[in-house]
Amino acid sequence: MPFRIFGGSVHYFRVPREYWEDRMLKMKACGLNTLTTYVPWNLHEPARGKFDFSRNLDLEAFLSLAAKIGLWVILRPGPYICSEWDLGGLPSWLLQDPEMQLRTTYKGFTEAVDAYFDHLMPIVVPLQYKKGGPIIAVQVENEYGSYAKDPNYMTYVKMALLSRGIVELLMTSDNKNGLSFGFVEGALATVNFQKLEPGILKYLDTVQRDQPKMVMEYWTGWFDNWGGPHYVFDADEMVNTVASILKIGASINLYMFHGGTNFGFMSGALEADEYKSDVTSYDYDAVLTEAGDYTSKFFKLRQLFSMIIGQPLPLPPMIESKASYGAILLHQYISLWDVLPSLLQPIKSEFPINMENLHLNDSSGQSYGYVLYETVIFGGGHLHSRDHIRDRAQVFVNTMYVGELDYNTVELSLPEGQGFRQLRLLVENRGRVNYGLALNEQRKGLIGDIFLNKTPLRNFKIYSLEMKPGFMKSLRHVAGWSAVPDYFVGPAFFRGRLWIEHQPQDTFLKLQGWEKGVVFVNSQNLGRYWKIGPQETLYLPAPWLWKGSNEIIIFEERTAGRIIQSVDIPYLGRTQYVD
């Protein structure tokens, strides 16, 4: 039977589990029949050999829910997913191997993929259509045509899927330029774009003859970088393009139908001319907002799809109301320097060690967050990074802030002083690049020597600040929290309480007057904020709040405010239309 895919992308790992059903019902109400999702390897195997498919990562529950609601599924298991996600979803422990060649048939990579697929595929295989499940197609890797470092790689991934019991239609997806390089025999090639260039779908016929046509990623919006604008894509232009694609008879998947949020430290980065990290919000100017609300795109698409389908669609679910809880006072603080002795054991090393190679987490290294490097210096002078800082370091002599080093600033003057002093570099991993040819170079922290007056620094104490939930909980019981003074410069942790009388509702935290850092609510990492914007609010979902007292902890790198605002409307920054 002829079957046309009206698809939309929703990623379970970007949406609180309690909202999965709501987002899927909204897909049905828009006229969609298929859900597509990536599978993020780095979340499912955070340390080598330690797998997690629980709670918000319960892929089986997500796919079974899609089936219950009446949606087919296109699964995009990677191993690489891009998706503006740290290292394109590849686990950072792969980079412990100095010879690692990601996305190739390099033995160290394929052995890790095989071990991962051995865990993932038994969850996926029973949920295929031929076994009574919702999965109608499985993607072989992702946009390999833009990488194309190994002509044997796509065949390897295809065989890795087939040999583990995948029997549904295989697909590849690439932009126009990558189509012929990303194609693999035995899989349907699909194309990704935002603007329908003349002949782009005909071009698919030159790659594969007489096959159904599909746009795997029709980009409904775009993602934002720190320091840039908030991109929006005109709703009418989007709907007109969707109508044109459908008129040709092609199937379509809207990327994104609902973007959600890069919670925690999970947002990726771009490296084109320069390194640019992605913001926390993955609103994407998609069909639903970051918090799952309707946009004009939703209603225009619903109208278009209902005309084509020719039968009434289910009514759109009611919108959850948002709360404005007002000003929240951060009444206590503790300096990072006071936390170190009681909570963290340093790693001692003659040489600097990059984040991934620190002996932590069952020898899987540190994946995210910050690393503090301490060493002793005598006198001051000229500090030079030799571009070995990934991605940004605050420099302190004892506890005095001296300046920052990053990709653009590679040298600083250190003030002269008497005797021996501590030089401290607080290095932030701002997100690994998720697209392009630089994946193998995404090690973080200090990736080489730092020089003082042309002499490399030695004998480091290295503190890992991954800020996992266990660390955030133990922070509560540390002695030394005190009242916040009128003026204080970080790095420090600030603590306050949000009291909620009734059933909690979604809200957004506005961090006016704060400079740069991370927000934790009830030990959940909401993500990064940065005063350079564009994003000015962080999404706080109701399921992560409790009736009564809610603990808010902010790690502020530099200049702290005294309050944060809980508001009912997000502000994602100054907008710029996508050309």
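Just so it is clear, glycine is given a Cβ too, placed from its N, Cα and C backbone atoms.
Residues annotated as active site, proton donor in TrEMBL: E143.
Taken from TrEMBL, the feature active site, nucleophile applies to E217. Cβ neighbour count for E217 (active site, nucleophile) (all protein chains, 10 Å cutoff from its Cβ): 25.
Per TrEMBL, the feature domain 'Glycoside hydrolase 35 catalytic' maps to 2-307.
The domain 'Beta-galactosidase 1-like first all-beta' annotation in TrEMBL covers 365-466.
Residue counts for the domain 'Beta-galactosidase galactose-binding' (491-550) under DSSP (helix as H, G, I; strand as E, B; rest coil) come to 3 helix, 34 strand, 23 coil. The annotation domain 'Beta-galactosidase galactose-binding' is assigned in TrEMBL to 491-550.
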### Query
Rounded to a whole number, how many Å is the Cα of E143 (active site, proton donor) away from the Cα of E217 (active site, nucleophile)?
11
### Message
Across the domain 'Beta-galactosidase 1-like first all-beta' (365-466), what are the DSSP residue counts per state (helix, strand, coil)?
### Response
3 helix, 54 strand, 45 coil
### Task
Mind giving me a neighbour count for E143 (active site, proton donor)? Other Cβ atoms within 10 Å of its Cβ, every protein chain shown.
23
